[in-house]
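J.: As annotated in TrEMBL:
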| type | residues | note |
| --- | --- | --- |
| DOMAIN | 116-297 | domain 'Malic enzyme N-terminal' |
| ACT_SITE | Tyr139 | active site, proton donor |
| BINDING | Arg192, Asn447, Asn491 | (S)-malate binding site |
| ACT_SITE | Lys210 | active site, proton acceptor |
| BINDING | Glu282, Asp283, Asp306 | divalent metal cation binding site |
| DOMAIN | 307-560 | domain 'Malic enzyme NAD-binding' |
Amino acid sequence: MENTMKEMRDGASVLDIDPKSAVGGGVEDVYGEDRASEDQFVTPWTFSVASGYSLLRDPRHNKGLAFTERERDTHYLRGLLPPAVLSQDLQEKKLMNSIRQYQVPLQKYIALMELEERNERLFYKLLIDHVEELLPVVYTPTVGEACQKYGSLFKRPQGLYISLKEKGKILEVLRNWPERSIQVIVVTDGERILGLGDLGCQGMGIPVGKLALYTALGGLRPSACLPITIDVGTNNEQLLKDEFYIGLRQRRATGQEYSELLHEFMSAVKQNYGEKVVIQFEDFANHNAFELLAKYGTTHLVFNDDIQGTASVVLAGVVAALKLIGGKLADHSFLFLGAGEAGTGIAELIALEMSKQTKSPVEETRKKIWLVDSKGLIVSTRKDSLQHFKKPWAHGHEPVNNLLDAVKAIKPTVLIGSSGVGRTFTKEVIEAMASFNEKPLIMALSNPTSQSECTAEEAYTGTQGRAIFASGSPFDPFEYNGKVFIPGQSNNAYIFPGFGLGLVISGAIRVHDDMLLAASEALAGQVTKENFDKGMIYPPFSNIRKISAKIAANVAAKAYELGLATRLPRPENLVKYAESCMYSPVYRTYR
């Protein structure tokens with residue numbers, strides 16, 4: 001990936017650091033609240049000490065009926081609450097009972113977002129304790145529907161909206177946000193939301209959802225996370241005609257107007273929050289995603305989850321799957337359906353890992369990997385008409401027009417879908433994979449579930465139960481010939497929360513490919529024999545906080561090794577340090 005970006009930057013590397021860049025580093029906790037143990041008293045500071053009615057309206061400090069008798073006297077809450085005192089665990093039980101009553105996932109999403117707005121710690125406790133049940137609600141696939149209906153659902157701002165109207169004033173807009181100590185920003189321009197296309201300003205649901213996972217799964221403090229939507233218009237005619245649409249009613253800005261707004265934004269972020277704020281690009285269209293990553297990779301701490309996060313989590317799944325399908329990475333051949341930012345990003349990271357293991361040039365290892373786009377197999381005779389990010393994958397082969405013929409010609413051991421088009425792994429494609437592989441690895445990664453290239457049932461039945469299967473969105477366990485298969489979920493949520501935590505705890509100032517490889521290796525190493533016996537190539541999400549700590553430690557270690565970390569001295573035990581920095585949602589006792 002870095003090789004491709006260096007070509008776009010005329011040879012500049014993320015390791016070429018300006019000596020005037022970045023000082024200090026690490027995790028900042030202004031009031032010491034997260035360094036306090038849960039049995040220590042803390043003061044519910046806002047701009048002043050929150051008390052009475054204002055305390056009940058402050059989501060960060062509100063505990064609802066969990067305020068003790070003493071706290072009700074001390075903070076002027078007498079009469080503002082019913083007399084019962086309920087523990088946080090009992091509140092959690094009551095709310096989960098309530099949420100489970102809803103039959104429609106979007107209703108569950110709305111209920112959880114309303115909880116976050118009134119009681120932040122209880123929201124995160126629910127999410128952490130019931131992560132496998134609630135992850136599909138706050139993230140894919142339900143968040144896609146929430147984005148489509150965001151205009152109707154909108155009640156209060158959950159992040160910053162920066163539109164073309166704010167051009168020339170973006171620094172002022174950033175200063176309107178009440179928090180000063182920001183560690184992670186997730187930003188989208190809404191042009192390519194999941195597999196749903198251009199949702200414009202309503203793409204805000206994605207940064208909001210991602211940052212909720214940064215806290216729940218990676219332990220970043222909610223106050224240190226900032227969701228941002230850049231609104232440059234939308235080309236979605238349905239939204240432009242929708243009376244409830246909340247964004248600019250104009251066609252999407254492009255070219256110089258777009259570039260100038262993004263450059264002002266990136267400059268303002270660095271000026272306001274410093275060198276060490278993580279800026280995660282989310283759901284930008286291909287033509288902008290690669291350009292932004294190449295342009296700002298050497299000057300900012302930038303990370304594109306669709307290109308780099310997806311690549312890292314898929315590589316982890318492939319490395320883990322080798323225990324089931326046998327051989328080393330270089331023994332296998334790969335065929336991708338989809339040659340956009342996800343497909344080419346995954347392909348490049350696999351090629352890099354293969355290069356690292358075999359000590360071969362990455363130009364050689366790329367030849368084990370083939371990509372199919374909308375015009376067929378990417379081959380050398382098409383090179384002149386290809387976009388720059390597809391050119392490294394144009395190998396010598398006669399033209400092939402469709403996926404089925406490509407599968408028959410290449411005979412891959414691994415089939416990966418990142419096309420954003422549902423049901424493209426047809427029965428014939430799956431059966432062809434099974435005809436020359438004892439255990440074909442099939443990864444249908446497109447989100448949401450409706451856009452998945454095939455279902456778990458189709459993969460298992462088409463291969464007589466021999467496939468190793470993983471998907472982007474969750475599928476239920478499937479029984480075939482008396483055996484229960486548990487489909488793997490190749491979900492970016494395995495990687496980006498721990499990856500971001502690793503950047504923050506090391507005070508990293510740039511992202512390098514070796515950090516992505518380190519994250520993949522950490523995740524693959526967490527898959528147990530018990531998981532493999534069930535056909536799983538990813539560990540269960542129930543252990544995600546421990547997994548995130550391991551990933552963070554690996555990423556931080558690589559940042560120190562590369563000279564990109566600024567938090568000195570290096571902590572002796574990075575895993576323990578990562579765990580100690582994680583936000584805890586347990587209620588605190590107020591003085």
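Any Cβ shown, glycine's included, is placed from N, Cα and C.
Predicted, not measured: the structure shown is a model, and the values here were computed from it.
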J.: If you measure from the C-alpha of Asp283 (divalent metal cation binding site), which of the recorded positions Tyr139, Arg192, Lys210, Asn447, Asn491 fall inside 10 Å?
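T.: Of everything listed, what lies within 10 Å of Asp283 (divalent metal cation binding site) (Cα to Cα) is Arg192.
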J.: Highest CB neighbour count within 10 A among the recorded positions Arg192, Lys210?
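T.: Checking each of Arg192, Lys210, the winner is Lys210.
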J.: Whole-number Å distance between the CA of Asp306 (divalent metal cation binding site) and the CA of Tyr139 (active site, proton donor)?
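T.: Each residue's Cα considered, Asp306 (divalent metal cation binding site) and Tyr139 (active site, proton donor) end up 15 Å apart.
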J.: Cα-Cα separation of Lys210 (active site, proton acceptor) and the residue listed as 'active site, proton donor', in Å?
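T.: Here the two Cα atoms lie 7 Å apart.
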J.: What's the CA-CA gap between Arg192 ((S)-malate binding site) and Glu282 (divalent metal cation binding site) in angstrom, rounded?
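T.: So the Cα of Glu282 (divalent metal cation binding site) lies 9 Å away from that of Arg192 ((S)-malate binding site).
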J.: What is the number of other Cβ atoms found within 10 Å of the Cβ of Asn447 ((S)-malate binding site)?
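T.: So the number of other Cβ atoms within 10 Å of Asn447 ((S)-malate binding site) is 24.
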J.: Other than Glu282, Asp283, Asp306, which residues of the chain come within 8 Å of the divalent metal cation site, judged by Cβ distance to the Cβ centroid of those residues?
T.: Thr188, Arg192, Ile193, Ile206, Phe281, Phe284, Ala289, Asn304, Asp305
J.: Write down the Cα-Cα distance for Tyr139 (active site, proton donor) and Glu282 (divalent metal cation binding site), rounded and given in Å.
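T.: Between the Cα atoms of Glu282 (divalent metal cation binding site) and Tyr139 (active site, proton donor), the distance comes to 13 Å.
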